[in-house]
Ligand SMILES: O=C([O-])CC(=O)C(=O)O
Ligand SMILES: [Mg+2]
């Protein structure tokens, strides 16, 4: 990434101006031959207000004349490189992450191509801003930071008219929707309508991590009320000011929504369910998975990324999958989703049935170890298959570890800090290389920090977390914690699904995604303490995951794109979103050499 010395900023400004005036003197704006038909029908102020078409000061002088926007933007002509450079300079000057989130979102609504270029070029720095953890903070404050609608809000009062609301969306080609009802936003709970930041953030990653065209993506908030009293009492709250509707009315509303999407955008429009409360997440997944093109990211996406982390960790511990004992802390959708996919993986690797595979998996929730002997709390729902017998009831996690002797401890509790020093030390005592995953989001809710994990296990643990942590120095060694976040999975799944227009997305897809992700971790990555590929490789990772899934889609006869492309990977690559600006004046314009950063600014760059 480029960094300019602050003292040189003035010189750069001057250089830009000199180039601009040199250039403007040379251009003949009335040269009829050069002025050909613009490619866009949209002109003038409408063009400036259209984020997919707008390119700010990168409009050439010719384009400004033809498109009727001359004078509506400042006189300098800047290349996209210089623009992204300015954005990053401003980014560094912002006071806090929420301000950075707001600036980047404003850029997204102003100039989409520039937003994605900046994001893709600075992924490691910007992902924690537009996604977890800052997006969580933005959701909590969405009432105040809400600037402009970037998706659809459909409320329970739209029941009977959902199709009409979908028709208000200006794009007719929508290939992917991320939808939430805001009831379980990250580990933050019910944020009602403020949860809209999550579908927006997830879809930004569809483009930034997997190259899916943003105009094909639609974030949707289904506002069915909120049970969050603070929001209900907040005069600035942006959603319906009433308690959540549930039961039959809510379910009929969801059914109508699913059918309306198919009627408006087609049966292969992907619908990603995000941050629903556990009981609804499972209910809708089971009800819709064989009828629509949908998946639940918190159950299935999280499962695949965690399983990939387990596969990679086992390359280090050298213990066969079926010889491990897994203890899940938290028995909600993330834990049950991972445990379920893990049991499938064990069952297929060890050639044993699913029930037998479940014997390797234990769970511990707010009422302690999940065993038949316990008298408190329920044992029903998806966690049921992991309930054991003949163990001593305990509510003490260290004691549970002592009893079960797990090789892996996986937290998805939303209970920050639950992996205390004594829990971590116990794991280190009974394992040479303990596997510790602290998956809850955002950062404050992680079960432990990366630093605590490495310190309490003498640097021996294989660690990953849902939210990002900085590298940790311990005993002279640097450890790079893995980010076991579903963002490694859902973009690739969505890419394969939208390109090949799959009818359904079954469990096998997530097993394939997990294997493909783990296979892409190199020995060098592992030597650095990583269990996932570096974020900067994510585009390739997503394409490879999508390629593996697409082979399966054709094998399972769910892909509907015909004829079948000869080379699936290169077909996918051909579809990827390009952040380069379009030219509105064909064949007449070339950026003068001096306009291109880094050459022009090389001498100013540290
Ligand atoms: O959004 C994230 O970072 C991961 C996720 O799906 C969740 O925590 O609900
Ligand atoms: Mg989620």
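Just so it is clear, glycine is given a Cβ too, placed from its N, Cα and C backbone atoms.
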Can you tell which of 233, 234, 246, 298 TrEMBL lists as binding divalent metal cation with 274, 275? 298
Determine, to the nearest whole angstrom, how far the Cα atom of residue 274 (divalent metal cation binding site) is from the Cα atom of residue 485 ((S)-malate binding site). 13
Rounded to the nearest angstrom, how far is the Cα of residue 184 ((S)-malate binding site) from the Cα of residue 275 (divalent metal cation binding site)? 5
Could you measure between residue 131 (active site, proton donor) and residue 441 ((S)-malate binding site) for me? Cα positions, answer in whole angstrom. 11
Would you count the other CB atoms within 10 A of the CB of residue 274 (divalent metal cation binding site), including those on all shown protein chains? 26
Give me the non-local Cβ neighbours of residue 441 ((S)-malate binding site): same chain, 6+ apart in sequence, Cβ-Cβ under 8 Å, ordered along the sequence. 132, 133, 136, 186, 187, 466, 467, 485
Pop the Cα-Cα gap between residue 298 (divalent metal cation binding site) and residue 184 ((S)-malate binding site) into the table, whole Å please. 10
Mean predicted confidence [pLDDT] for the domain 'Malic enzyme N-terminal' (108-289): 95
